[in-house]
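Copied over from Swiss-Prot:
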- Lys96: active site, schiff-base intermediate with DXP (ACT_SITE)
- Gly157, Ala183, Gly184, Asn205, Thr206: 1-deoxy-D-xylulose 5-phosphate binding site (BINDING)
Amino acid sequence: MLNIGPFSFHSRLLLGTGKFPDFDVQQKAIDVSEAEILTFAVRRMDIFDAKQPNLLEKLDVKKYTLLPNTAGAKNAEEAVRIAKLAKASGLCDMIKVEVIGDDRTLLPDPVETLKASEMLLEEGFIVLPYTSDDVVLARKLQELGVHAIMPGASPIGSGLGIVNPLNLSFIIEQATVPVIVDAGIGSPADAAFAMELGADGVLLNTAVSGAKDPIKMAQAMKLSIEAGRLGFEAGRIARKRCATASSPLEGMSVVE
């Protein structure tokens with residue numbers, strides 16, 4: 001089970017809802033992924049105007065936990081305003097804090113992310129900050145009392161996969177809250193690798209919505225995350241420089 005604050009989930013796949021070709025493909029991809037948490041940018045939909053088409057009117061929202069994010073925020077104050085807007089609409093009190101500090105790489109601003117997380121915790125939100133693979137920043141966020149850490153595998157939408165597995169492993173090893181790898185996942189192999197490192201979950205969007213067949217890719221991501229988690233729990237064999245025979249040699253007769 002994936003436990004975030006007071007919530008428990010069977011699926012360890014968190015799915016973003018942007019960039020799908022149409023609502024039908026989006027719905028089918030969500031269904032086959034079996035994701036229980038769906039994330040979306042509050043700024044990209046008018047959640048108060050029923051006349052405007054959006055994700056929420058097409059989905060049976062009772063089946064999912066919605067994770068609004070603060071994408072578009074440039075500082076802590078903007079992030080808090082967006083989070084409060086989502087809460088006022090009656091959505092889940094869980095919020096993904098996203099404060100971008102660089103427009104080229106879309107990497108998060110560490111100072112503003114810390115500040116926004118602290119402010120939102122004081123407001124009673126369940127806080128999941130998107131961060132880089134900075135080990136120290138992850139620890140500081142954890143010390144604030146956030147409910148999960150969401151380090152990026154690589155820049156948002158890049159599909160580069162996990163570019164710094166060592167730092168991710170350090171973050172996971174020191175974590176006392178769930179670690180959900182977020183951003184940069186490009187393939188099922190990337191998702192499986194994140195889980196094999198010991199991540200508690202994976203959040204992705206473009207890898208599915210931008211695939212040639214989003215529905216098949218959603219299923220592939222589901223299976224790879226399950227396989228990666230099983231592999232982590234099973235425990236891989238140690239790496240060795242020399243070969244070790246898989247069949248025992250003792251008791252074997254030698255034909256001369």
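Start at 1 and count along the chain as shown; that gives each residue its number.
Positions of Cβ are set from backbone N, Cα and C atoms, glycine also.
Known features from Swiss-Prot, placed on the structure.
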| residue | record | DSSP (3 states) |
| --- | --- | --- |
| Lys96 | active site, schiff-base intermediate with DXP | strand |
| Gly157 | 1-deoxy-D-xylulose 5-phosphate binding site | coil |
| Ala183 | 1-deoxy-D-xylulose 5-phosphate binding site | coil |
| Asn205 | 1-deoxy-D-xylulose 5-phosphate binding site | coil |
Select the most exposed residue of Gly157, Gly184, where exposure means the fewest other Cβ atoms within 10 Å, treating these as the binding-site residues.
Gly157
Give me the sequence-ordered set of same-chain residues, not including Gly157, Ala183, Gly184, Asn205, Thr206, with a C-beta within 8 angstroms of the centroid of the 1-deoxy-D-xylulose 5-phosphate site's C-beta atoms.
Gly16, Pro155, Ile156, Ser158, Gly159, Ile185, Leu204, Ala207
Tally every other Cβ atom lying within 10 Å of the Cβ atom of Thr206 (1-deoxy-D-xylulose 5-phosphate binding site).
18
For Ala183 (1-deoxy-D-xylulose 5-phosphate binding site), write down the residues of its own chain that are at least 6 apart in sequence and whose Cβ falls under 8 Å from its Cβ; none is a fine answer.
Tyr130, Gly152, Ala153, Ser154, Pro155, Ile156, Gly157, Ser158, Leu203
Far apart in sequence but close in space: which same-chain residues, 6 or more away, have a Cβ under 8 Å from Asn205 (1-deoxy-D-xylulose 5-phosphate binding site)?
Leu15, Gly16, Thr17, Gly18, Lys19, Thr39, Gly157
Whole-number Å value of the largest CA-CA distance among Gly157, Ala183, Gly184, Asn205, Thr206, listed as 1-deoxy-D-xylulose 5-phosphate-binding:
9
